[in-house]
Amino acid sequence: MTSTATFREDFHSLRAGGLNWDSLPLRLFGKGNAKFWDPADIDFTRDAEDWQGLTEEERRSVAMLCSQFIAGEEAVTQDLQPFMAAMAAEGRFGDEMYLTQFCFEEAKHTQVFRLWMDAVGLTGDLHSHVAENPGYRAIFYEELPRSLNALHDDPSPANQVRASVTYNHVVEGTLALTGYFAWQKICRSRGILPGMQEVVRRIGDDERRHMAWGTFTCRRHVAADESNWDVVQEQMQHLLPLAVTQIQWRPEDAPEETPFRLDIDELAAYASDRAGRRLGAISAARGVPVEQIDVDASPEQLEDQFGVEDAAALEKA
């Protein structure tokens, strides 16, 4: 087998005009740098005390929720790397810069959940909380790695759209951000777990930047070729039933009344509203000049608006 070495021809940072700091990926990169936070700075002492005050069923519910969160963060940390290679193949160095930060933040989210779990004593094997959930298995064990790893062999626009819909719009937008919002609302309404409240607030802020990049990437490809809008819709239609299965699944021995009295209908409405508005932003890119998409701040502004709306809702919790 003969291997052909690939040599570097030039440097993006040395080209005339330098880097385009007005492009959305580099704006997100700058915003992420300005909002840096360290998981080790968060105090979980009160959380460990509050944990002891939860009922056995409440602790099991929290353990399941956190297991799904941390395993998801670990999975996306591992699976994101093919997208970086796809951006390199396109010559999009600004996207590469942002995705390095993106991946670092996912690893940091894994760290902070593990620190919290260690602090409250969740140190046993927790695989049953994810492995027995058929929706979770389908998305995180199969669909996520499949869609991202497809970029290794074929980083085509259609495959990038499928990967972004899977990663950004289903895993992050439909599952993670909805779950984080619900969990923070529960903690605030009961006045418990202040460390976890800070964790979720900071992670949510990071994830909204990730979502902005995912929406931007889909918009870029839809603007270049309207047939990619069909790819967006097909992938969403394929994955959403799996997401619903994950959310609705409960262990066979779970009590009839959901711990914390979580309103599933309210969560479904929240997720549907956010997904619909993000998909609307992608659809709106049809017919827009591609060069205009690169500096269009609308995906970033949409996520900022979601942050404002979440903060207002949590104030009422």
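Note that Cβ sites are derived from N, Cα and C of the backbone, with glycine treated the same way.
Because the structure is a prediction, the values reported are computed rather than measured.
Quick look at what Swiss-Prot annotates:
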- GLU73, GLU106, HIS109: Mn(2+) binding site (BINDING)
- GLU106, GLU172, GLU207, HIS210: Fe cation binding site (BINDING)
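Recorded features from Swiss-Prot, shown on the structure.
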residue : record                 : Cβ neighbours (10 Å)
GLU73   : Mn(2+) binding site    : 22
GLU106  : Mn(2+) binding site    : 24
HIS109  : Mn(2+) binding site    : 24
GLU172  : Fe cation binding site : 23
GLU207  : Fe cation binding site : 24
HIS210  : Fe cation binding site : 27
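Cα of GLU73 (Mn(2+) binding site) to Cα of HIS210 (Fe cation binding site): a span of 13 Å. GLU207 (Fe cation binding site) sits 10 Å from HIS109 (Mn(2+) binding site), taking the C-alpha atoms as the reference points. Annotated pair GLU106 (Mn(2+) binding site) and HIS210 (Fe cation binding site), C-alpha to C-alpha distance, rounded: 10 Å. According to DSSP, GLU73 (Mn(2+) binding site) sits within a helical segment. Rounded to the nearest whole angstrom, the C-alpha distance between GLU172 (Fe cation binding site) and HIS109 (Mn(2+) binding site) is 13. The Fe cation site is defined by GLU106, GLU172, GLU207, HIS210, and by the 8 Å test on Cβ atoms against their centroid, the other residues of the chain that qualify are VAL76, PHE102, GLU105, HIS109, ASN168, VAL171, ALA176, ASP206, ARG209, MET211. Excluding GLU73, GLU106, HIS109, which define the Mn(2+) site, the same chain contributes ILE70, GLY72, GLU74, VAL76, THR77, GLU105, ALA107, LYS108, THR110, PHE113, ILE203 within 8 Å (Cβ to the Cβ centroid), listed in sequence order. Taking CA atoms as the reference points, HIS210 (Fe cation binding site) and HIS109 (Mn(2+) binding site) are 13 Å apart.
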